[in-house]
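Contents: one structure, followed by commentary.
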Amino acid sequence: MAGAGSWLYLTAGLLVVALPQLSHSCPSRCLCFRTTVRCMHLMLESVPAVPPHTTILDLRFNRIKDIQTGAFKHLKNLNTLLLNNNQIKRIPSEAFKDLENLKYLYLYKNEIQSIDRQAFKGLASLEQLYLHFNQIETLEPESFNYLPKLERLFLHNNRITHLVPGTFSQLESMKRLRLDSNALHCDCEILWLADLLKIYSESGNAQAAATCEYPRRLQGRSVSTITPSELNCERPRITSEPQDVDVTFGNTVYFTCRAEGNPKPEIIWLRNNNELSMKDDSRLNLLNDGTLMIQNTKETDQGIYQCMAKNVAGEVKTHEVTLRYYGTPATPTFVIQPQNTEVLVGESVTLECSATGQPHPRVTWTRGDRTPLPSDPRINITPSGGLYIQNVNQDDAGEYTCFATNSVETIHSTAYIIVQAVPQFTVVPQDRNVFEGHTVDFHCEAQGNPKPVIAWTKGGNQLSVDRRHQVLSSGTLRILRVALHDQGQYECQAVNIVGSKSTAAQLIVQTRVTPVFATVPNDMTVEVGTDVQIPCSSQGDPLPIITWNKDGIQVTESGKFHISPHGYLAIRDAGLADQGRYECVARNPIGYSSVSMVLSVLVPEVSRTGDPFVATSIIEAIATVDRAINSTRTHLFDSRPRSPGDLLALFRYPRDPYTVEQARAAEIFERTLQLIQDHVQSGLMVDLNGTSYHYNDLVSPQYLNMIANLSGCATHRRINNCSNMCFHQKYRTHDGTCNNLQHPMWGASLTAFERLLKSVYENGFNLPRGISGRIYNGFPLPLPRLVSTTLIGTHTITPDEQFTHMLMQWGQFLDHDLDSTVVALSQARFSDGQDCSVVCTNDAPCFPIMVPPNDPRVRNNARCMSMVRSSPVCGSGMTSLLMNSVYPREQMNQLTSYIDASNVYGSSDHESNEIRDSASHRGLLKQGIVQRSGKPLLPFATGPPTECMRDENESPIPCFLAGDHRANEQLGLTSMHTLWFREHNRIATELLRLNPHWDGDTIYHETRKIVGAQMQHITYSHWLPKIFGDVGMKMLGEYKSYDPNVNAGILNEFATAAFRFGHTLINPILYRLDEKFEPIPQGHVPLHRAFFSPFRIVNEGGIDPLLRGLIGVAAKMRVTSQLLNTELTEKLFSMAHAVALDLAALNVQRGRDHGIPPYHDFRVFCNLSTVQTFDDLRNEIKNPDVREKLKRLYGSPLNIDLFPALMVEDLIPGSRLGPTLMCLLTTQFRNIRDGDRFWYENPGVFTAAQLTQIKQTSLARVLCDNGDNITKVQHDLFRVAEFPHGYVSCKNIAKMDLRVWQDCCEDCRTRGQFSTFSNHFRGKRSTEHSYKEDNKEPSSLLNQSVNTTCNTEQPKNLPHVNDFKEFVLDMQKTITGLRKQIKKLESRLSNTDCTDETGESHSTKEKWNKDACTKCECYNGHITCFVKSCPPVNCSRPQRIEGVCCPVCTDDKIQST
């Protein structure tokens, strides 16, 4: 016992010793061990203070009733807290704050009745919470919101009857939940718990227990098995809805909302789609019946209100209502602004927009360009102002603007709808079959949003990485120099973020096989009148196409020529005109080969079938032609024009008598042969237009010469004299002769048009295609009027975004400098003198345009539009220039073919004399009345009534007189003529000021030369680049030099079809604008009222309004479906009670009149692909509707007329031309430039300084200098500019400085006399060097004086009469001395030998060495010596050796040896 007592005592002692060490941290009577504090059964009434490092705190079995705030402060390390078996009644908010690491909390077997909302806030690590065996009746919905890691929650054996939805919704880590042994009422409000328990059960991650206590029928049922049908739950339904309210400041607003449902719905109010919080604003009250009461209303209360009724079975909303607040007027402000929104195709989208203001603003929507929304049932505006679009498509993408408008102001906000779409192919690649070495393009384009990226693969694999495979920015795959291994399938993929699409095409590569001739032609000689077949065939892969050329001009299918499928050329009725060199050309995509032969035609001396009828026929032809011409003259000039046909004939009637006589002679010649044909036909009883008749058998060559003499053809041949080189080296002739000294008639006026291809006539000579109803390639040719109405005419006009109407006007003005076809002088048929417009038959010279049945524009049952054929050239149609053979009909160009300002000066001496002011001797052109601006108009034409006086009700003012007879055709053209006539007089006046010693002729010709150069520069440097674009300018090429082998003559195809493309640029209205570029009071002029109306210039403001209209208004864009406006096709030269003409139909008919080959032949000439079907045209005419129209009209692509086909070709990018038209125009303009000896860039035409100044000129400068009062223009008159920003003052437009034309000479007394050009001026009265029209001497005398010196001088000062005797003596002495000198010169000239400076004589052609370095030669009395040039020496001391010209390096040679 003693030992035991000692042990106890020791233990007690140790305890006593240890306790003092822990007394400052361990609560009294508690047991503390390390971090565990146990205070059980101590009757504690509050939580004691414990050490901060405590991890386990056991407070069980005490009498704790309340948990004080901060009771567990600083216990951040606490892991387990045991508070069970106490007397706690309430868990206050944030009772366990700072216990962030607490995992286990025991609160069971207390007396807990309530738990505040945020009681467990801060317990982020809590995993287990035990609250069972308490007296809890309700739980706040946020009680367990802050327990993310809670896995176990025990609430069984409490008094819980209802649970608020969402009570456990935040417990994401829950694994076990116990709610059993509660008095749960299983009604509709507990369905949320049933759903939660089912989720726990299905997932298997958590266990839960909850049973129903009430109603009795469900007692003991697991809550998870309860269904809504068992509880009779009902979704809310609205029984009373709110209405819009208008309120003023301070009033009270009531919004009524009543709803029924099971359980009773909760009423929630929304404002502008946001829930209203009644607690945040004491003015807001929710009454028991759901009514929203707003007291003391303020401006901020206005907006969109909506009531929502909600219970566990669902929710429902009322319609939106508006509270409008009316206080002080206030500008609108946006409550909700639209936002950029992305949407997929096919889905719906809403752009929200609402606004407030006083009064309440009205909300409207537009597209971004302020255009109204389309009327589309898919598009609606919501009651709140939002824009709602259903089933969105790609067109809905773009900018939308919301406008909020009240009486104070309008505000707007913009947003974009971005429609995202899966890529869709717009262009898919086509299978290609090409030859190796060629380049192939696979076109592939797609659309989508975002814009898809194009990628290419071959056979599913990446393309070869080499420079031959290129993917262009457009998506096109280009393979250069195709090789055999490139063959295969190529896939195009279009990819964007929404999706991708793929398509494929095959490439087949063929080996190259160039054409090889299988049959070659040989030279042939045949008799006149026989049919000839020239063999030629070729092989190759692909099969070559055979074409034939005669003397460099391509042969086309016609009544004269036929090319068989094998390539054989058949020539019908061979004549002398057919002999020459023929070339057979075999062409395929790989290359071409050619072979040629010579055809000779013999003319036997035998009589012909028509010889007996020559005499009577020529007499009858002269009588009938003269009768018809005189009848036409009387009809046209003795009265006012009665019809559009009269008007057309009158303004195109030649003014030059020589032209009239030449045309008359040609008509008589052709009429004579026609009469002979008629006589022969009546005897043979055969159809002369048939294939069985041979024209070369008609008349013998000697009779053809007789007909030529009697008709006047031989009489009116021009004999050109180009011997006056003092003139021809410096200036042009008016008629264009002697420009090309090797070929004086090339490019001259009144000569035949040139041709690229042989003419096509039905009979091979003069009968137009389609005139006899013949079938071509299985189809008849359509009526030209039908072509116009079906294909060409348009009411719709698309403005050109780049170029002004001046682009058209310069083209017309230029055309009138290049070509004008001489038409028949008679408007009546030769056979009986009846008017062509009345009889409507194709009897010479009538060629009417027949009107289809039911044409909408025909009046008075008219059957045709009047038209006569172009006059033939003497020597064509029936005869050659030798007058002994039959040649195809050719037409006559009345103008020079050069750009020489002939539209200003005329194309003949007769015309130039009419418009020159010869009386003033100042080199001016005649001028008319002077306007208020101080600037003159053109002079009026004199003579009989003109086309400008067709309507006496408008004005009696006659036509203006200018260099071209068409100057009055329309007001814009007349304005251009006025500009350039003033430009001539302006330059001439300045040149006279600079060179007062020049005479009138010199000033005139120098000015004419400058004006022509200005027009050349404007055309090629400013105008053509707009028409041709970069592609065409490269085809045209740079100017190199004058080429005398280039014929600058105008091509028939150019004048008759190609250059008429300008008709597609014409607007239907001529605009007239004032200084502010606003319409003038008299208004604009419809085009059909602008024809032949000079009175509008005289009486209605001059030329300035018209010029501003040309530079200030866009031209008409050439669109394949919008070609010629109806002012040209329906109202051309319209007059009352008459059928107006149709320009498009005239163009088609004129092409057939001139024998222009079909479009297909020009495709071959221009190296485009041949076509067999209309789909073969798809590369040049992409519009399928246009191709279908062509098919309906022509039946075969081989029949299409040239003019309409050129007009419907798609434009080459950057140009205003299609590919064939580009080919024809570049060919013509290259010839015009390169074949002109006086081209302004040709060295020697102008000095370098003068050329520099000419290149300063511009149409803008001409407009500034010569308009009535134009002060502002754009730099480039051809480009569209916005007024006034795109315009500049005329002061800023570069000028041409004429001072470089000033003579700098010591003795200017005779310099500048027209007869003293350059250093070879002549005396004023020197006949041998006079200008042609001043020279009265016979040409024979002129020819004898060609070697006479051009320089003669007059005495400087004549002596006074008193000194006359001395003067005579001096003159006699001078004459005697001159005679001696002349005799010496004559003796020297008569001797062809030479005498050198030493006096030694040498015979002609003798050569001798004057010294070692000089060799001389005698030739025709002149000695010419040549001095040898020595190379540089490479030694320090070169040596000269006698007899050797050049020094040698002797030292070097010695050293080297």
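Cβ from N, Cα, C; glycine included.
Given the structure is predicted, the values throughout are model-derived calculations rather than measurements.
The feature disulfide bond is assigned by Swiss-Prot to Cys26-Cys32 (among others), with similarity to another entry given as support. In this structure, Cys32 (disulfide bond) is part of a beta strand by DSSP. Of all Cβ atoms in the shown protein chains, 16 besides its own fall within 10 Å of the Cβ of Cys32 (disulfide bond).
Among the features that Swiss-Prot reports, disulfide bond is placed at Cys186-Cys233 (among others). The Cβ of Cys186 (disulfide bond) has 24 neighbouring Cβ atoms from other residues within 10 Å, across all protein chains displayed. In the three-state DSSP classification, Cys186 (disulfide bond) falls within coil.
Marked as disulfide bond by Swiss-Prot: Cys257-Cys307 (among others). Other Cβ atoms within 10 Å of the Cβ of Cys257 (disulfide bond) number 27 in total over all chains.
Annotation for Cys353 (disulfide bond): spatial neighbours Phe334, Ile336, Gln337, Pro338, Val363, Trp365, Ser384, Gly385, Gly386, Leu387, Cys402, Ala404, Ser413, criterion Cβ-Cβ under 8 Å with sequence separation of six or more. For the recorded site, Cys353 (disulfide bond), the DSSP three-state label reads coil. Residues or ranges marked as disulfide bond by Swiss-Prot on the basis of sequence analysis: Cys353-Cys402 (among others).
Cβ neighbours within 10 Å of Cys492 (disulfide bond), excluding its own Cβ and spanning all shown chains: 26. Feature annotation from Swiss-Prot assigns disulfide bond to Cys444-Cys492 (among others).
Sequence annotations record features per position, and here Swiss-Prot assigns disulfide bond to Cys536-Cys584 (among others) based on sequence analysis. Under DSSP, Cys584 (disulfide bond) is assigned to a strand (E or B) in the three-state scheme.
Counting every protein chain shown, the number of other Cβ atoms lying within 10 Å of the Cβ of Cys874 (disulfide bond) is 30. Residues or ranges marked as disulfide bond in Swiss-Prot: Cys713-Cys874 (among others).
The disulfide bond annotation in Swiss-Prot covers Cys722-Cys738 (among others). Mapped onto three states, the DSSP output places Cys722 (disulfide bond) in coil. Of all Cβ atoms in the protein chains displayed, 15 besides its own lie within 10 Å of the Cβ of Cys722 (disulfide bond).
The disulfide bond feature in Swiss-Prot is assigned to Cys836-Cys846 (among others). According to DSSP, Cys836 (disulfide bond) sits within a helical segment. A 10 Å cutoff on Cβ-Cβ distances gives Cys836 (disulfide bond) a total of 28 other Cβ atoms nearby, all chains included.
Swiss-Prot lists Cys840-Cys864 (among others) with the feature disulfide bond. Neighbour list (Cys864 (disulfide bond), Cβ cut-off 8 Å, at least 6 residues apart, same chain): Ser837, Cys840, Pro848, Ile849, Met850, Val851.
Swiss-Prot lists Cys948-Cys959 (among others) with the feature disulfide bond, giving sequence analysis as the kind of evidence. Reduced to three states, the DSSP call for Cys959 (disulfide bond) is coil.
Sequence-distant neighbours of Cys1166 (disulfide bond) (same chain, 6+ apart, CB under 8 A from its CB) are Pro1219, Thr1220, Cys1223, Leu1224. Marked as disulfide bond by Swiss-Prot: Cys1166-Cys1223 (among others).
The annotation domain 'LRRCT' is assigned in Swiss-Prot to 182-234 on the grounds of sequence analysis.
Residue counts for the domain 'Ig-like C2-type 2' (332-418) by DSSP state, with H, G and I taken as helix and E and B as strand, are 3 helix, 47 strand, 37 coil. Per Swiss-Prot, domain 'Ig-like C2-type 2' is recorded for 332-418, and the stated evidence type is sequence analysis.
Listed by sequence, the residues of this chain that lie at least six past the ends of the repeat 'LRR 5' (147-170) yet keep a Cβ under 8 A from its Cβ atoms are 108, 120, 123-141, 176-185, 189-190, 192-193, 196, 209, 213-214, 312. Summarising the annotation, Swiss-Prot assigns repeat 'LRR 5' to 147-170.
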Counting across all protein chains, other CB atoms within 10 angstroms of the CB of Cys846 (disulfide bond) number 26
Across the repeat 'LRR 5' (147-170), DSSP labelling yields 0 helix, 3 strand, 21 coil
The correct three-state DSSP answer for Cys536 (disulfide bond) is coil
One finds that other Cβ atoms within 10 Å of the Cβ of Cys444 (disulfide bond) number exactly 27
Cβ atoms other than its own within 10 Å of the Cβ of Cys402 (disulfide bond), all chains, total 26
Candidates Cys26, Cys257, Cys722, Cys874 (disulfide-bonded residues); nearest Cα to Cys836 (disulfide bond) turns out to be Cys874
Between the C-alpha atoms of Cys713 (disulfide bond) and Cys536 (disulfide bond), the distance in angstrom, to the nearest integer, is 39
Cys840 (disulfide bond), Cβ-centred 10 Å count of other Cβ atoms over all protein chains shown, is 17
Whole-number Å distance separating the Cα atoms of Cys874 (disulfide bond) and Cys257 (disulfide bond) is 104
Between the disulfide-bonded residues Cys26, Cys307, Cys584, Cys713, the one whose Cβ has the fewest other Cβ atoms within 10 Å is Cys26
Using a 10 Å radius on the Cβ of Cys959 (disulfide bond), the other Cβ atoms enclosed count 25
Between the C-alpha atoms of Cys307 (disulfide bond) and Cys948 (disulfide bond), the distance in angstrom, to the nearest integer, is 82
Min neighbour Cβ count (10 Å) across disulfide-bonded residues Cys536, Cys738 flags Cys738
